[in-house]
Amino acid sequence: MTKQMLIGMHLGNGYGTIPGSWRAPGMDPTNYTSFDAKVRQAQAAERGKLQFLFFPDGPSHVGDLDNEPPGFNLDVMVTLAAVARETSRIGMVATGSTTFNEPFNVARHFKALDVLSHGRTGWNAVTSSAEDVAANYGRQLPPSHERYGRAHEVVHLVQALWGSWEQSAWTHDQESGRYAHADQVAPINLGGQYVASRGPLYIPPSEQGQPVIFHAGGSPNAHQFAGRWANAVIGSAFSIDDARAQREAFREGAERAGRNPDEIKFIVGLMTSLAPTKRESLDRRISLSGRVFGQRASYLGHMLGLHLDAKNLDRPLAPEQLAAARPSPADPRSVHALEVAHQGWTVRDILAHGVIDYHPVITGPAVEAANHMQEWFEADAADGFWILPDLEEGGVDDFVDGVVPILQDRGLFHHDYEGTTLREHLGAPAQYGVDPRVTQ
Ligand SMILES: Cc1cc2nc3c(=O)[nH]c(=O)nc-3n(C[C@H](O)[C@H](O)[C@H](O)COP(=O)(O)O)c2cc1C
């Protein structure tokens, strides 16, 4: 059978990933607090047989609350619990900081959720990089080497706690009266430079044993960390070459840790604004996000080495501007921005293409998204994609009804779940407790 891609669906604040999404026609402006909305969106993703939902998190808000909602879920763990009860197959990956949480709390919450979801839970173990998040914990952000030093210890302890109730310990035999083998539930007694725990954790295995580990980060520290612990990486890249290099760095990290590089899947972000035509997609983005385009025009100018501002929005770049433009080496999105400018779009339309969004953006029909995914996948740039729709309400359905069937017809995406657990969906090997290969 030919290799097939993995697909995850990003669910954030209930509205979508572009400014103004909360005001979209048909959008319930109270979606931010609606768990029913989360369930609806999750069920749509499950209908498309997507392998997982991804809940990012950074428990803070530094944006423009007068005009825009916070970017994240009310609480990713509570969301995961709510969604787990209303879905049956799709995996769910929640983000949790290794810098600001105690390993015992993380181990307990995630394993309980894994039991509740019948083995569909993943933990996106991130080191966090925002001072405003640190401030919410009454702390300052430690330097990267300390964050990653603590991260290694936290994941090690969490997995040791997950394994501290052995898989055969729970007999619950009413006839004999033997509830469990107490000698198979043992303390872990682990401590390091940053964290410690005695254990044990009194939670039996889930259907997949224990949650799957994800990671999101980009530095050499991240490659080493994910290489040792993670089964999947939530990534970000603006070109095939960049994505291939990142994927290779994570695979090398896994090999250095004594693992098979195929055990770590590099999942890259893709933003979608799907519509029957590109013009409709661009117009929707302009009507929702146009308010921020003046400011974005200045930044676009900075990316291209030109002076641009709100006064330039209605014109394409003049031939002399195009001749003078130079993509900024400091911003990997600049090359694509210049390509779009060369196509003759007005500055407003260039911005509506999402050239300064956080991931590559598809504006237009579903086949464009399928083509992009096929090209990257076949170039070994990614093992899969996490999709960030412009609108969570409706945008998930557009992806599932438009893009998924094309990928299935091309043999690039499965037609149904092969198993019932997230571990099976990802093709991740069985693991219970700590992987002995990575702690020797
Ligand atoms: C694609 C991607 C997604 C991320 N998502 C989150 C997130 O949801 N929450 C969070 O606290 N940090 C997130 N991070 C930040 C990482 O936690 C990390 O702190 C940051 O990348 C700095 O680490 P690095 O130097 O290894 O890149 C993300 C990073 C990347 C690259």
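Note that Cβ sites are derived from N, Cα and C of the backbone, with glycine treated the same way.
Unlike curated records, TrEMBL annotations are generated automatically.
As annotated by TrEMBL, FMN binding site applies to ASP57, THR95, HIS145, TYR148, SER219. Take the CB of THR95 (FMN binding site) and look out to 10 A: across all protein chains shown you find 23 other CB atoms.
Summed and averaged per residue, pLDDT over the domain 'Luciferase-like' (28-299) gives 97. The domain 'Luciferase-like' annotation in TrEMBL covers 28-299.
THR95 (FMN binding site) falls within a strand when secondary structure is assigned with DSSP. For HIS145 (FMN binding site), the same-chain residues 6+ apart in sequence whose C-beta sits under 8 angstroms from its C-beta are ASN221. Take the CB of ASP57 (FMN binding site) and look out to 10 A: across all protein chains shown you find 21 other CB atoms. Residues from the binding-site residues list (ASP57, HIS145, TYR148) with a C-beta closer than 6 Å to any atom of ligand 1: ASP57.
Across the residues the record lists as binding FMN (ASP57, THR95, HIS145, TYR148, SER219), the two Cα atoms farthest apart are 21 Å from each other. Long-range Cβ proximity for SER219 (FMN binding site), meaning a same-chain Cβ under 8 A and a gap of 6 or more residues, is found for SER144. The Cβ neighbour count for TYR148 (FMN binding site), using a 10 Å radius over every protein chain in view, is 21.
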